[in-house]
Amino acid sequence: MTTECPATPATAAPQGLGRWLPLFLIVGLFFLWGAANNLNDVLIAQFKKAFVLDDFQAGLVQSAFYLGYFLVAMPAAMFMRRYGYKQAVVLGLMLYGAGALLFWPAAELRTYGMFLFALFVIATGLAFLETSANPLMTVLGPPDGAARRLNFAQAFNPLGSIAGVLVGQHFILAGAERTPAQLVAMSAAERTAYYADATHAVQLPYLCIGLVVLVWAVLVLLASFPAVTAPHALATHAAGRNGVLARLLRDRGFTGAMAAQFFYVGAQVGVWSYTIRYVQATMPGTSAQAAANFILAGLVCFMLGRFAGTALMKYLAPVRLLLVFALVNVVLALYALAWPGMGGACALVACSFFMSVMYPTIFALGVEGMDDDERKLGSALLVMTIIGGAALTAAMGKVSDLAGIARALSVPALGFAVYENWHRPEKVWPEIVASIRSAGIEEMEIFRTGNRLVMMMQVPDDYDAAGKQAADAADLRVQEWERLMDGYQQRLPWAKPGEKWVAMRGIFSLKEALEANGASR
């Protein structure tokens, strides 16, 4: 049994500064958490130098970070439902700021474990921000502009990522680097001073970040936000054989989406986390500061890929586009593995272009066709699969320690391959073809047009439509197939209600299915 109170404005929208200030403050959150995410890529290189870590130990930066997301995602959603959007944002900013300020004592103590704890605290704050900021943007203004506001806000996320790498490149990685031979030639006191300087390099940037974030929290606290009713006051019985969770876990399409998202996020985070390490190892003499340019180039490609991917979906079904992009990334990762050096580094940069549309689209495909209860719980479970960023990054570091950084790229290649396999178009099951034929249907074609499926059939004069519908309702295999077909319906972001159908693409033909009828699922 589910009860829900939707998030809707309770009072008229404020005008003037009172209208724009909340929008400005919430849009800024997208920038702030983008900066935090990609600063980790710089920290891995810096901590490896400051604490003399192997690649597995340095990769624990991402493990601690994404573990925070994993553990706090559900509690953050519960807090938001209980206390509201604004309170969740303020708490998230306070945690983010506190974690950033912890970098100062961690640097003074030169304790790697304390740095990892600080990153964990930052990630818990970001979990609150990401859980609340997206839905909050949809209610900060007229309902018909919700999608436009959210897309505008999300555009600031990659800008924050680029800013984070630039801060790391020019304020953290700017110190002098020493070769192993130079370090050996130093006295013990000189080496200690060198490592201390490398550790202290993170203090001022993170102090500034922490103070800015806390000031932002105060501004959000003092700002007057539109009154919004309790968001998603949801009470769902998820246990039991027929509960929401049980239904989701029996849905092979959804569990496949969870696996694909786990491996994809792990592959993405692994590629970005070890780009600096790869460049330095395969192009001797390259400083960490110079190697960070490859991450910047990758982030620019990531932004361009989002625009290009969205445009291509106008002509190519999202499932097929993702299949192509995933296959390209497998090839690029394997190229970087087999041909280390400048060519391999450029391949890693190119990976970002083809990774750009994967996360949001697999998310949408994973929850497509679900009812309201399933979509809410399914969304939370899919968010939790970003723990792949912790697991695969650590695995990549271990492979690097054992076999070299180039061979470690086999880990993201595997991640992209798992992703590609989940998105491979489904073969028509033989029993579905048999069901269609037994009903006397002579030809059937299904097309996707805009955000719906259109079926065209050639049937005899005595075709019993009601009988066919009743038979389908009683056949669990047919129901499972229809649910899968519903998953192929992708709402085109530019298609507005009442518009002409923008595209018609065939996704099923009985004649083609009969030709491949010997194939098994």
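Note that Cβ sites are derived from N, Cα and C of the backbone, with glycine treated the same way.
Note that the coordinates shown come from a computational prediction; the quantities given were computed from them, not determined experimentally.
What TrEMBL lists as transmembrane segment is 20-36, 56-76, 88-106, 112-129, 204-225, 290-309, 321-339, 345-365, 377-396.
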Which range out of 112-129, 204-225, 321-339, 377-396 gives the transmembrane segment (20-36) the most CB pairs under 8 Å? 204-225
Give the one range among 56-76, 112-129, 204-225, 345-365, 377-396 whose Cβ atoms make the most pairs under 8 Å with those of the transmembrane segment (321-339). 345-365
Need a quick answer: max count of Cβ pairs under 8 Å to the transmembrane segment (345-365), which of 88-106, 112-129, 204-225, 290-309, 377-396 is it? 290-309
If we skip the immediate neighbours and take only residues 6+ beyond the ends of the transmembrane segment (88-106), which ones have a Cβ under 8 Å from one of its Cβ atoms? 26, 29, 32-33, 36, 76, 79-80, 114-115, 117-129, 131-133, 136, 202-203, 206-207, 209-211, 213-214, 216-217, 220-221
